[in-house]
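**Student:** Before anything else, here's the structure in question.
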Amino acid sequence: MEVYSVTVATGTSQYSGTNNYVFVTLVGERGESERTLLDNPGLDFCRGAVDQYKVSSPSPLGSLLLVRLEKQRYWVEDNWFCRYITVEPPSGDKVTFPCYRWLVGDIKVEVRAGTAKTLRDESISQLLEHRKTELQERQKIYRWVTWAPGIPRCIDAKTEADLPQDVRFENEKRSDFEQSLQFALLELSLKKLAIRFGKSWNDLEDFKRIFWKLKSPISEYCMEHWKEDWFFGYQCLNGSNPRMIQKCRKLPENFPVTSDMVQSSMAPRTNLDKELKAGNIYLLDYAIMDGIPTNTIKGKPQYIAAPLCLMYQHPDEGLIPVAIQLEQTPGLDSPIFLPRDPPLAWLLAKMWVRHSEFQVFQLLSHLLRTHLVIEVFCVATLRQLPAVHPIYKLLAPHLRYTLEINCRGRTQLISSNGIFKRVVSTGGDGLLILAQREYKVLTYRSLQPHKDFADRGVSQLPKYFYREYSLMLWDAIHSFVSGMVDLFYQSDPDMQEDQELQAWIRDISQEGFTELPNFGLPSMLSTREELSTLLTVAIFTSTAQHAATNNGQFDWCAWVPNTPCTMRQPPPTDKDAVTMEMIMATLPDVSQSCVQMAITWHLGRAQPDAIPLGQYTEQHFTEGRAVELIDGFRTELKEIEDHILSQNEGLELQYLFLLPSRIENSITI
């Protein structure tokens, strides 16, 4: 009789433990052990427990292939989260079997050892069959669906309750998510009732009345400096939507700015033509907003604009706006606003640009280009890569919670009766049409920051901290990923012949990113460099890019006049007619302001259970070389962290959204 030492680790989150029966069978090359009930004196499988057992086999099992776990109901159903199992043979080294999954109901699962293997590494028919069966079962559970035409496809789940337990929020996350939103809405509702329900504010100072507990250093700085042109320019570089600005090499024909108009904004001894040739003129073009249907809130129509904003890199003042046209078609009803105009007219024109910014950053830069893009990777990975595959192991930590947060977004944020419908000018039909327009022009190239910055012509813009830090993070991620790819694929043909990997890229390009003939992602991977770039896009987008667009939204939107979620009057057509009364009638009312503040605080705040970039709480890899690469990645991230902190030391307005310690490993909010 051979006796094996077996250790079973239960999850650490609330309700991970179970009082159900748990059986284990060890499966080796030469046979199976006895089916053993795991039952020590006292309580087994408590939350966070690491329990040890003895499992007998009538004869040596040889190399261990699988651990078979069975859970059976005892009195009441009680789900169980298993982290890992280790098995120590009578003679030989301990083998770790990562599990990291829920066992729900009466269930039997078979878990592979932690050594990552591609198809070509398999020589045992039993393990080949295990891979095949695992994927067949997953493909029944994780199915593609078209939530709406003209946007990336997503997981087939009407609400988060339809998702499998393995991709759901843990209980602590669920409670925090729901309670934090209720806290914010309740606190601001009390203020709203104390002020005036559904009414306009009297003046800009009135907005300070909803600043209380919900504030941050940047939001307070914003409140003090939001009218200043340099601060407007700073947000184009380092605000919530830092990828809108592009170099202007020639003025658009529909934006008839003359040199005389902007001469007073230029530095001495220069003019617009000289600065265009010198590469110091930039453009914000919100043409994508033109003609988008507008929302109706409580029976009142809301309004949008499609601005053009000319920016100038001034040698002393930094990046500043020098001309704004609020519609795409110039004319008497669409004047060009200038800094020399009446102060209220110029201020309102900038507010309209920032209002368009709210729509674009929330729906396009944030929702579409991070959440929905990564959902495609998430579904394809679950459908096409078994848990033992090295690319599954690499991506799994970066897909945590993404399916649930996206389901909640579709039901609670952008649905026909969601929060956007209640307070955002593009809520309802508009937001979907806006997303469809962006999706049509979405390219794989634009998801790669090096190429995106080059294509937009912004590689030389000074104080563009988002660019500098995101490139550092991209390079660190790419170096780490390339090391992992080279570890498991010794040559390009090795990768080309991986049928599971090729099925994965086909699922991404043909099933996930449908209706995109010009997206630019091939449906077959030919080189290891192609694979490394694609994996870097997935990890960078789900970590750094999401942090850049999500984590600062309260900072930039809490002071509502800086980035208003809606506008209640049409854009001004007469510069001289702009009054403070007009501005207050245009900006969000008390109720809308409170909801904007609450939702951006809820979505932008640091998550209490956040796992920072490069920290892996689940040990999917057990190979020494893979662990070394992970350690090297963490070391490089620490160097980036130190560099960012050093650069920001002493700055009045710090850019810390891309600190690795503040970037989550996945999209969880």
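Backbone N, Cα and C atoms are what each Cβ position is placed from, and that goes for glycine too.
Relevant sequence annotations retrieved from TrEMBL are reproduced here:
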- GLY17, ASP78: Ca(2+) 1 binding site (BINDING)
- ASP39, ASN40: Ca(2+) 2 binding site (BINDING)
- HIS366, HIS371, HIS546, ILE669: Fe cation binding site (BINDING)
- 2-117: domain 'PLAT' (DOMAIN)
- 117-669: domain 'Lipoxygenase' (DOMAIN)
- TRP102: site 'Essential for stabilizing binding to COTL1' (SITE)
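Give me the lay of the land around each of these features.
**Tutor:** There are 16 other CB atoms within 10 A of the CB of ASP78 (Ca(2+) 1 binding site), with all protein chains counted.
Cβ neighbours of ASP39 (Ca(2+) 2 binding site) (same chain, under 8 Å, six or more residues apart in sequence): TYR21.
Around HIS546 (Fe cation binding site), the C-beta neighbours below 8 angstroms that are at least 6 residues distant in the chain are HIS366, THR370, HIS371, ILE374, GLU664, ILE667.
DSSP places the residues of the domain 'PLAT' (2-117) in helix, strand and coil in these numbers: 0 helix, 64 strand, 52 coil.
Model confidence over the domain 'Lipoxygenase' (117-669) is summarised by a mean pLDDT of 94.
All protein chains considered, the CB of TRP102 (site 'Essential for stabilizing binding to COTL1') has 20 other CB atoms within 10 Å.
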**Student:** Cα-Cα, whole number of Å: ASP78 (Ca(2+) 1 binding site) versus TRP102 (site 'Essential for stabilizing binding to COTL1')?
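**Tutor:** Per the Cα atoms, ASP78 (Ca(2+) 1 binding site) and TRP102 (site 'Essential for stabilizing binding to COTL1') stand 11 Å apart.
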**Student:** Test of understanding: give the count of other CB atoms lying within 10 angstroms of the CB of ILE669 (Fe cation binding site).
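**Tutor:** Result for ILE669 (Fe cation binding site): 22 other Cβ atoms within 10 Å.
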**Student:** I'd like to know which of these binding-site residues, GLY17, ASN40, HIS366, HIS371, is least surrounded, judged by other CB atoms within 10 A.
**Tutor:** ASN40
**Student:** Just give me the nearest neighbour of TRP102 (site 'Essential for stabilizing binding to COTL1') among the binding-site residues GLY17, ASN40, ILE669, Cα to Cα.
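**Tutor:** Answer for the nearest of the binding-site residues: GLY17.
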**Student:** So which other residues, same chain and not among HIS366, HIS371, HIS546, ILE669, have a Cβ within 8 Å of the centroid of the Cβ atoms at the Fe cation site?
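**Tutor:** In sequence order, the nearby non-listed residues are LEU367, THR370, ILE405, THR549, ASN550, LEU603, ILE667.
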